[in-house]
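A.B. asks: After the structure tokens below, expect a handful of questions from me.
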Amino acid sequence: MDVESVPKFAKPPAAPRRRHGCWNACLAPVAVLVLIAVLIVILTFTVFKAKHPVTTVNSAKLRNLQVSVSIAPLGINLNVTVDVDISVKNPNKVAFKYENSTCLLNYRGEQVGQAPVPAGEIGAGRTKQMNLTLNVLANRLLSNSQAMSDFLSGVLPLNTYTKMPGTVTILGLFKVHVVSTTSCDLSVLVSNSTLGNQQCRYETKL
């Protein structure tokens, strides 16, 4: 008697859904992290891109100005202090923390005075005013052959140079080191010790 053989059915292959589900579960957080990283990079180079602080000389006054002309030998005796009122604007979307720096006073390319600028912080989009007192080194100023003619003309050409190293922290994660330099050419009217024309140049290094 022939017995019909019962066909053996092969086991169905395992459904790949679990594997696909595992891949999806693993790729989802990776994709989110990549998206966040891309957004941070975009914001870093657009909205939160580090910009240079803008320094403006609001006023420069000669204080305790004492000038006398000696006949023999011909020369000028000078005693003067320069009060400089400057404002520093932080155009960044985050605070700018700056280190101790120095404001230099130059006359026709030679340093004739300086004043310390203590470390501090300027809030996002805020402007900070600073009152600096620069003691002029009279011997350096008078050593320039053009000093007498400038005083007699009533206009003293000066230059202020400030270098402010600091940092801005983007999104509370990334610290960007910024070195901002400002050079302002200005003219001081000797007769009334007031500020004349000024022209400033800015440079920022990241």
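Think of each number as a place in line: the chain as shown, counted from 1.
Placed from the backbone N, Cα and C atoms, the Cβ positions cover glycine too.
Below are the features I grabbed from TrEMBL:
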TRANSMEM  21-48  transmembrane segment
DOMAIN    86-178  domain 'Late embryogenesis abundant protein LEA-2 subgroup'
A.B. asks: By DSSP assignment, list the helix, strand and coil residue numbers for the domain 'Late embryogenesis abundant protein LEA-2 subgroup' (86-178), in that order.
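C.D. replies: Counts, helix then strand then coil: 12 helix, 55 strand, 26 coil.
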A.B. asks: For the domain 'Late embryogenesis abundant protein LEA-2 subgroup' (86-178), what's the mean pLDDT in this predicted model?
C.D. replies: 85
